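Here is what TrEMBL records for this protein:
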DOMAIN    19-142  domain 'Palmitoyltransferase DHHC'
TRANSMEM  61-85  transmembrane segment
TRANSMEM  105-124  transmembrane segment
Amino acid sequence: MLTDPGSVPLGATPGGPRCPLCGCARPPRAHHCMVCRRCIRKMDHHCPWVNNCVGEDNQKYFLLFTLYTALGSLHLLLLLAIPALRGYARGEWDSHSTLTPRASLVFLLLVALKGFLFASAMFATQMHAICTDRTRIEQLQREGAKQGRGSTWMNVKAVLGHPLSLAWISPFASPQAQRARGPRGVV
């Protein structure tokens, strides 16, 4: 939420196309966010969950947020469902029994299921956007990546950092420092 998504500075850089809404010199693949009132490099969407745009500089953090939210929801779903299903398998829910699942258990199961499905869908769409090097806005406008990075593997490394390491799954490791070293010719 506090990470800059890749906003374009409002300075008066001469030349190039300008945004008609904020007046900044707009680089390729940048789009103006009406909520943030600024242009964002490689903007995917404005996310109400994090109250920020998802762009070039914070896409890794949003990807990890959706992954960990989906895993947390799955964990909760399993913690609630396994004991309930064991009780059902033992016959504790038969028609003569007074023991039935409480409404609160059913409600929590549905909330966990909804959270898991939604976060998994968001994670899958972000992975698809990363692998194809097309933001959600470009997909909706049917634009291709004009300066694509090449292979799927290179696209993933460009977002998560280079080289492959445990830092990919850490929200505390910045991909910026890893990008600054540049590619080492490893595929």
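Numbers run from 1 along the shown chain.
Just so you know, glycine gets a Cβ as well, placed from its N, Cα and C.
Just so you know, TrEMBL annotations never went through curation; they're auto-generated.
Note that the structure is a prediction, hence the values are computed from the model and not measured.
Same-chain residues lying 6+ beyond the ends of the transmembrane segment (105-124) with a Cβ under 8 Å from its Cβ atoms: 63, 66-67, 69-70, 72-74, 76-77, 80-81, 84.
Counted with DSSP, the domain 'Palmitoyltransferase DHHC' (19-142) comes out as 66 helix, 15 strand, 43 coil. The average per-residue pLDDT of the prediction over the domain 'Palmitoyltransferase DHHC' (19-142) is 89, rounded to a whole number.
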